[in-house]
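According to TrEMBL, the protein has these features:
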- 22-92: domain 'NXPE C-terminal' (DOMAIN)
- 253-734: domain 'Cas1p 10 TM acyl transferase' (DOMAIN)
- 269-291: transmembrane segment (TRANSMEM)
- 325-343: transmembrane segment (TRANSMEM)
- 355-375: transmembrane segment (TRANSMEM)
- 396-417: transmembrane segment (TRANSMEM)
- 452-468: transmembrane segment (TRANSMEM)
- 474-494: transmembrane segment (TRANSMEM)
- 506-526: transmembrane segment (TRANSMEM)
- 561-579: transmembrane segment (TRANSMEM)
- 600-617: transmembrane segment (TRANSMEM)
- 659-679: transmembrane segment (TRANSMEM)
- 685-709: transmembrane segment (TRANSMEM)
- 730-750: transmembrane segment (TRANSMEM)
Amino acid sequence: FKGGDTCEYLLSSGRFLGEKVWQPHSCMMHKYKNSEAKNCLIDKHIVFIGDSRIRQLFYSFIKLINPQVKEEGNKHGNIPFEDKSASIKVDFLWYPEVNGSMRQRIKSWTEHSVAKPHIIVAGAATWSIKIHNGSNEALTQYKINITSIAPLLEKLAKSSDVYWVLQDPVYEDLLSESRKMITNEKIDAYNEAAVRILNSSSRNSKAKVKVFSVSKLIAQETIMKSADGLHLPESSRDMNAMILMNVYCNKIMKPIDGSCCQPQPPLTLIQKLAFCFFTLSIIGYLIINLIHRNNYRKSKSCTDLESGEERKPAISAPNVSTLEMLLHCFCKLGLIMTYFYLCDRANLFMKENKFYTHSSFFIPIIYILVLGVFYTENTKETKVLNREQTDEWKGWMQLVILIYHISGASTFLPVYMHIRVLVAAYLFQTGYGHFSYFWIKGDFGVYRVCQVLFRLNFLVVVLCIVMDRPYQFYYFVPLVTVWFIIIYATLAMWPQIVQKKANGNCLWHFGLLLKLTCLLTCIYFLSYSQGAFEKVFSFWPLSKCFELNGNVYEWWFRWKLDRYVVFHGMLFAFIYLALQKRQMISEGKGDPLFSNRVSNVLLFISIVSFLTYSIWAGSCKNKTECNELHPSVSVVQILAFVLIRNIPGYIRSVYSSFFAWFGKISLELFICQYHIWLAADTKGILVLIPGYPMFNVLVSTFIFVCVAHEISQITNDLAQIVVPKDNSTLLKRLLCIAGFFSGLLLFSAVQDQSRH
């Protein structure tokens, strides 16, 4: 990748994704809404000057500000437009030829007493070809005229954004007799003259007339759909208007999914400190490693002077100190975070918009499912939701979610609803797994809590620092963290009811059910009281964690979407463990979970329920309405899957080691995809190898999976160091962590102050 200005790529190159989506070379286009366009262009004056093609572009541009505008008025005259609410003024000036009249108008803007337009879009040529019947003399005069105008445009470019629109090709078969002289050969000659003359006197200057040549590429694909062979179809000119809006507004509005024309964000104070920390860690590790290697080399062989033979003394491998392991982990992490930053913050690698097709989603799904079947192995134990099975479940779900994200399948509602079930299934496992642990083990110690919280949050905290993103941005981790704390608080509060205690007296089971009922009541109350929910999470410093774009609405929405499923997981774990204790289920290898009759009935009901949910999800027409029903009905498909997977003994006794491997690093995969597989904070796709989409996905996926696996190893190693089992040492570490976060909050406050 040669680097360079992404604005140049936006204005000059790109390709179609499908029939109606334009993909600029190397960067992403944002689709501007009316409100965004108004905010960008507030108090601005924009002028379109040229022929009927420029008039078309003018109308498409003002429709981005006000979609109600109708194309009416004198076609061969000036057309004004004004949006008084935002003080935006857009004018079309009818100058169909590059001549003295156009020069005089442009010259008037260069005078000091006249207010200059903020944006000037100019272009003309087809009228000159038509009026002069395509003569060579007309082309010569065009060159003379544009040569006289060029210095004026270049002078305006020092204070305004000036664009010269090259002429689009025509579809000669559709041209009327009066336009037959307008040929693509002539148009190319006029375009060549304009490109050669414009900016000829200011090649090394930053103030240049921007040549809008991308319209030619768009027209080459779409001009055959033109009504008259000369003017572009509406969809094509709308693309041109959107490109123009991106060129001017991206640097002002800084949309996440609009990487074209955006400068690289400056490093924040916290990012600079993180860079220094990782640099020192790398240097420290290299120094310690060199010292150890040097000492080991000196003592590796000692020569027996009498015999002259070499003896290898019994030297044990040097013990790795805690400091060395710590520096080793941070050294690797520093290199990985550098890759994260280069991928999604530095303008080094390309980014592209997503484009959904059914084949781009379903073909990879079928491929990985077939692949997973080839890695079938026997499980070590045959219990319901055993460790291998839950890892497998997490693995295939994560792979499906990754394909969903990279293919942009969220635009297809049935797929979206099924993916929502997969996210709910993760939370179901959170409720099931943590409840089972606390219920069976009865371990409510600080060590267990700190281990879980560290493993869940370590990567996200590092990314918040390095990538300058709020904690809530990585929404899934805050979600599972809060639910873990809720599960812990529910079971740890007085009276602590665990399996050992409940076995002695059945009344304790009712006590636990009462606790779960209280939890369900609280969830129900908060879900229908947005004000109370927001008050709870708006207190500082909680607000620092859960705010996104200045409010906690996004957190409220994410929490509400799957509010009951963790409770369902806890309740399922309670019922299952109670049945297991009373030996009411059979978990032997190859044995059905219940008697044959009961198993067959439950299996039939589960299959029908699973398919019924899929039919309902497939018939969804409105995302908002379906999201409202989702929290209550998602458990149907989750429970149906659990029963289908576990009732038949032969299915329960096997698992896919392929999916299980991915399941062990599912959290890291989910988080890492934000920046090193997808791009622009998940809005686009990272392009390491331009021009070869399939090869690019293979290479970026390989790196992405390796990085996720490495981060999982680093997290496990650091968890052993940062969260020791000794309570007094753990307390000291917790005080250090509290100090670290206090410092982080302080620096964050300083950063916010400097930004304001």
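Along the chain as shown, residues are numbered 1 onward.
Backbone N, Cα and C define each Cβ position, glycine as well.
Since this is a predicted model, take the numbers as computed values, not measurements.
Note on the domain 'Cas1p 10 TM acyl transferase' (253-734): mean pLDDT across this stretch is 91. Contact count against the transmembrane segment (506-526) (Cβ pairs under 8 Å) is highest for 561-579, out of 325-343, 355-375, 474-494, 561-579. Helix, strand and coil residue tallies for the domain 'NXPE C-terminal' (22-92), in that order: 22 helix, 19 strand, 30 coil [DSSP]. If one looks beyond the transmembrane segment (452-468) by at least 6 residues along the same chain, the residues whose Cβ comes under 8 Å of a Cβ in the stretch are 265, 268, 270-271, 274, 333, 337, 340-341, 344-345, 434, 474, 477, 480-481, 484, 667-668, 671-672, 674-675, 711, 715-716, 718-719, 722-723, 744.
When Cβ-Cβ distances below 8 Å are used as the criterion, the transmembrane segment (561-579) is approached by residues 384-385, 420, 423-425, 427-433, 435-436, 439-440, 479, 483, 486-487, 490, 499, 509, 512-513, 516, 519-520, 523, 526-527, 585, 627, 630-632, 634-635, 638-639, 642 of the same chain, each at least six residues removed from its ends. Long-range Cβ contacts of the transmembrane segment (396-417) within its own chain (Cβ-Cβ under 8 Å, at least 6 residues beyond either end) map to 354-358, 360-361, 364-365, 368-369, 372, 423, 425-426, 617-618, 620-621, 623, 626, 630, 656, 659, 662-663, 666, 669-670, 673, 677-678, 682, 685, 697.
Highlighted: of the candidate stretches 269-291, 325-343, 474-494, 685-709, 685-709 has the greatest count of Cβ pairs under 8 Å to the transmembrane segment (659-679). The stretch with the most CB contacts under 8 Å to the transmembrane segment (685-709), chosen from 269-291, 325-343, 474-494, is 325-343. Within its own chain, the transmembrane segment (325-343) is flanked in space by residues 274, 277-279, 281-282, 284-286, 288, 349, 462-463, 466-467, 675-676, 679, 686, 703, 707, 710-711, 714, 717-718, 721, which lie at least six positions past its ends and keep a Cβ under 8 Å from the stretch.
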